[in-house]
Amino acid sequence: MDNLISLMHGFGVAATGFHLTLMVVGVLLGILVGVLPGLGAPNGVSLLLPLTFSMDPVSAIILLTSMYWGALFGGSTTSILFNIPGEPSSVATTFDGYPMAKQGRATEALSLAFLSAGFGALAGVVLITILSTWVAKFALRFSSPEYFAVYFLAFASFVGLGGTSPFKTIVSMMLGFAFATVGMDTISGSLRLTFGFNELLSGISFLVAVIGLFGIGELILTMEEGLRFDGIHAKVSPRDVLATIQRMPRYWMTLLRSSLIGCWMGITPGGPTAASFMSYGLAKRFARNKEGFGKGRPEGVIAPETADHAAGTSAILPMLALGVPGSATAAVMMGGLMIWGLNPGPMLFIEKPDFVWGLVASMYLGNVVAVVLVLATVPFFAAILRIPFAIIGPVIVVVCFIGAYTVSSSMFDLWLALGFGVVGYVFKKLDYPVAPLVLAMVLGDKAEDAFRQSMIMSRGSLAIFWSNPLVACMTALAVALLLWPLIGMAQDRLRASRAVAPVG
Amino acid sequence: MKRITALALAFAASVASAPIAQAAWQPSKPVEFVVTSGPGGGTDTFARVVQSIIAKHKLVEQPIVVTNKGGGSGAEGFVYGKGAAGDPHKVIFGTNNEYLLPLVAKLAFKPDDLTPVAAMAMDEFLIWVNGNAEFKDAKTYLAAAKSKPEGFKMGGSQSKDTDETLTKLIEGATGTKFIYIPFKGGGEAAVQLAGAHIDSNVNNPNENIGQWKAGLVKPLCVFSPQRLPAGPKVAGDMSWGDIPTCKEQGVGIDQFQMPRTVWLAPKAPDDAVSFYADVLAKVKDTPEWKEYIERTSQTNRFLSGAELKTFIASDEEKNRKVFEKEGWVVK
Amino acid sequence: MSSTDETVQPRALLSRRAAETVAALFTGAIGATVVIGSREYGTGWDSSGPQPGAFPFYVGLIIVAASLVNLVRGALAGAGPVFVDRLQARQAASFFLPIVAFVVLTVTLGIYVGAALYLFGVMVFQGGYRWWTALAVSLGVALFFFVVLERWFQVPLLKGPLEAALGIY
């Protein structure tokens with residue numbers, strides 16, 4: 001109850017005209033930043049940071065978080081319309097969002113994405129409101145073995161999903177792991193697999209790979225098939241949006257499950273990107289009818305979007321209470337906290353209740369503002385699609401390469417994006433799945449670090465992954481999820497042989 | 001859209017030009033601040049504070065853009081700086097990693113490739129233990145560690161970097177042996193200590209203050225010749241000034257600090273070096289800078305010119321000894 | 001030879017089998033590179049767990065092994081369906097080659113000039129637009145990005161001799 005009273009107080013702080021204006025400005029800037037791949041939320045937030053030095057900390061954080069919400073929404077927009085994830089966490093949204101757009105259901109896909117994202121974000125804020133104290137304590141129980149188990153769990157819930165050849169899946173996944181090891185190794189402090197090239201010092205950027213594999217690769221494929229975005233001429237009417245809203249309750253199960261996954265990954269260090277993949281993977285597993293995933297199933301948009309935003313929102317809590325940023329954007333905001341003279345930590349909630357609860361309240365308001373604004377931009381984006389492909393296609397190419405360059409201002413990344421484009425095109429044609437590669441790149445080095453830290457702690461004993469109930473539960477769950485498809489296969493075989501048996 | 005424009009204009013105006021005193025050399029195009037850490041890191045905060053002060057007091061006529069090149073523990077930024085030889089519009093921000101990184105990793109730049117401009121602050125190091133630990137001072141903690149070699153876990157940021165170097169120095173000075181666990185950053189090491197997953201860390205004040213306030217971690221001693229300035233109470237009745245120095249506690253290390261440094265690309269004209277040194281000297285005298293130093297509990301120390309070169313040489317020498325002893329130096 | 005051949009069933013430029021082989025050799029080569037590169041840092045397991053090279057080493061080995069399986073399976077599967085026919089190849093190349101040109105232009109002339117030239121070229125030669133329309137669009141897009149990125153967000157992009165000559169950067 002104390003928290004609710006504090007929250008009411010927080011609304012008093014946040015719901016002023018000035019702050020609402022900041023939210024609108026922040027969200028709009030965020031959408032703009034999110035739409036340009038590579039620029040992204042972390043960059044956007046760090047660029048706004050100097051502007052906030054002279055501001056009151058509450059106003060400053062409201063501006064920055066609103067920009068973050070906007071960027072998350074903007075990232076989903078390009079995922080759905082152009083197959084280019086503007087933010088790493090919206091990669092999974094492309095799986096079904098882009099096919100929907102291609103079938104002329106862009107409005108539906110966008111509305112679904114925004115509404116479920118809003119739902120996920122609200123779930124995240126509610127969690128912060130009610131359980132902030134408990135969550136902060138819970139997160140302290142996480143050390144390297146638990147981190148590794150979280151990553152393992154995310155991975156186990158996504159792999160083994162369909163695909164034609166298991167060996168192609170393995171190649172794709174392992175390539176992702178290999179790319180993730182390039183660059184400086186945290187544990188040993190040595191440079192790995194750079195072969196003396198300065199360009200590889202900072203590793204192979206995940207965003208550059210995604211821009212190439214998804215954006216460029218898909219464009220080449222589209223051109224080859226001569227499709228030219230035919231389906232997306234459908235008009236946008238507010239009625240479509242309303243119809244989608246009416247249909248939302250039908251997906252309550254997906255919404256609920258994805259929110260839980262998102263909150264879980266937000267307070268543990270899994271992060272929004274892993275959350276969206278995990279949520280997509282589980283949505284597919286739990287679906288009674290697995291057909292249609294990857295070809296434009298509404299659940300395929302709802303699941304990753306809900307989890308992404310639930311994780312992004314709830315990750316603010318460990319940032320405030322522990323000083324551990326759950327995402328790259330949170331890291332920048334934390335830098336901001338220190339510049340404004342606030343020290344993240346458990347005492348922040350007691351010393352600066354105005355700040356913390358003002359922020360929490362602004363998260364409720366900011367997300368509502370963001371959903372409304374972003375829905376209002378749908379016709380604008382739909383209009384972009386009406387531009388002839390001979391113009392918009394090359395413009396998307398330019399946007400892709402600008403994005404690839406802004407990741408780390410490196411010329412080499414332009415060539416890399418081009419190379420990944422070709423790989424994306426060939427892989428798609430030869431049925432190599434690309435998603436495992438992307439997930440492995442996201443989780444690869446984190447998982448490896450956590451594993452090796454655990455091994456240093458345990459002096460090389462694997463028993464550390466069963467050393468306490470928390471880590472043992474997660475490890476067991478991960479193993480079970482990993483084996484699930486195998487069990488399913490075995491059952492099918494068994495059933496098939498039984499069916500044959502009476503005849504023989 | 002109107003609001004975006006308005007904000008953008010405000011944005012542009014905040015870094016736009018204003019007449020300043022005549023100097024021999026002036027930047028003739030936008031200046032790029034190259035940060036050798038990711039967004040949110042200590043070096044990032046340092047560079048952005050300097051940027052905001054310069055903007056606020058209009059110390060540089062041209063706009064300033066900040067780019068993060070933190071790959072390879074910052075090597076990316078230094079290599080980039082080296083590639084901009086002769087261009088005095090690239091200012092590189094780092095720590096002592098500029099001259100220490102090339103010792104432990106095969107990199108495409110040498111410490112004396114870049115031109116040193118200034119060192120602006122010294123970040124302090126302390127020994128911290130969990131808030132509930134039985135140890136009241138550094139003496140008892142280190143004695144316990146000594147009686148149980150490889151029985152205590154020391155966490156730190158990165159590998160073969162300042163934190164591990166200091167750990168090795170402590171081991172050498174006290175005859176202890178820790179298990180050193182490298183994490184991605186100091187913040188992570190702080191939380192691991194608060195959760196009692198490790199026994200101690202050697203974090204900077206800024207990295208642990210949040211946990212200290214809550215009593216989840218406590219400082220044992222600080223690696224500086226004198227105690228830190230007192231200031232307000234931080235946790236309970238303790239302020240920074242109440243923490244004993246490690247020397248007082250019988251640890252034979254006088255001083256271990258990390259300078260926050262500023263560099264120019266190779267072959268930068270002397271005029272440009274003195275221009276930036278002047279600007280940074282003005283930055284150092286602003287109230288905003290003093291506030292930043294106080295908030296992050298760093299030591300305010302400004303070095304430039306010959307003084308800076310002597311400092312770098314001695315700091316490198318001190319670290320090199322440890323690196324050589326540990327076999328970290330690459331050939 | 002006959003033109004009907006091409007309309008009824010477009011001639012294959014590359015069979016599926018050939019494409020599978022090339023892809024498997026390519027991934028195998030990456031795997032081998034990773035294996036060789038990782039040997040420098042030790043691939044064993046010591047008291048502090050796996051050495052720095054261990055993880056990439058085994059990842060590389062798995063890539064090589066799985067690529068070999070893909071190579072054999074691809075070869076055994078027979079020629080298979082067409083991977084790309086001539087028409088598709090022409091369409092894909094007409095899109096891809098200008099992109100390569102764009103990257104080359106960007107690297108030499110900067111991203112804004114590169115983008116403007118690329119957009120102009122593609123619109124005139126492939127889109128069949130009048131040159132002034134193309135000019136307006138390409139300059140407009142380049143200018144838009146310049147204002148948004150350089151001025152608003154202060155993100156410096158790759159610039160070339162033109163910007164230097166104009167004294168912009």
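Each Cβ is built from the backbone N, Cα and C atoms, and glycine gets one as well.
Owing to the predicted nature of the structure, the values given are computational and were not obtained by experimental measurement.
As annotated by TrEMBL, transmembrane segment applies to A:12-35 (among others). Here the transmembrane segment (A:12-35) has long-range neighbours at 41, 43-44, 48, 58-59, 62-75, 77-78, 86-87, 354, 357-359, 361-362, 365-366, 369-370, 373-374, 377, meaning same-chain residues at least 6 beyond its ends whose C-beta is under 8 angstroms from one of its own.
Per TrEMBL, domain 'DUF112' is recorded for A:20-439.
Here the transmembrane segment (A:47-69) has Cβ contacts under 8 Å with residues 13-14, 18-19, 22-27, 29-30, 33, 41, 121, 312, 316, 329, 332-333, 335-337, 339-342, 352, 354-355, 358-359, 362-363, 366-367, 369-370 of the same chain, all six or more residues outside its ends. What TrEMBL lists as transmembrane segment is A:47-69 (among others).
Annotation source TrEMBL lists transmembrane segment at A:109-135 (among others).
Positions annotated as transmembrane segment by TrEMBL: A:147-164 (among others).
Per TrEMBL, the feature transmembrane segment maps to A:170-188 (among others). Sequence-distant neighbours of the transmembrane segment (A:170-188) (same chain, 6+ residues past either end, Cβ-Cβ under 8 Å): 159, 194, 200-204, 206, 209, 427, 432-434, 436-445, 448-449, 452-453, 456.
Annotated transmembrane segment per TrEMBL: A:200-221 (among others), in sequence order.
Listed as Cβ neighbours of the transmembrane segment (A:259-283) (distance under 8 Å, sequence separation of 6 or more from its ends, same chain) are residues 72, 88-93, 95, 119-120, 123-124, 127, 135, 138-139, 142, 146-147, 150-151, 153-154, 157-159, 161, 293, 299-300, 302-315, 317-318, 324, 326-327, 435, 439, 442-443, 446. Taken from TrEMBL, the feature transmembrane segment applies to A:259-283 (among others).
Under the heading transmembrane segment, TrEMBL lists A:319-343 (among others).
Annotation comment: TrEMBL describes A:355-376 (among others) as transmembrane segment.
TrEMBL lists A:383-405 (among others) with the feature transmembrane segment.
Per TrEMBL, transmembrane segment is recorded for A:462-487 (among others).
As a quick check, the transmembrane segment (A:109-135) and the transmembrane segment (A:383-405) miss the bar of 3 or more Cβ pairs under 8 A, pairs 6 or more apart, so the two do not touch. Away from its own ends, the transmembrane segment (A:200-221) comes close to residues 37-38, 40, 82-85, 88, 91, 94, 98, 179-180, 182-184, 191, 193-194, 393, 396-397, 400, 403-404, 407-408, 410, 413, 416-425, 427-429, 434, 437-438, 441-442, 445 of its chain (Cβ-Cβ under 8 Å, at least six residues beyond either end).
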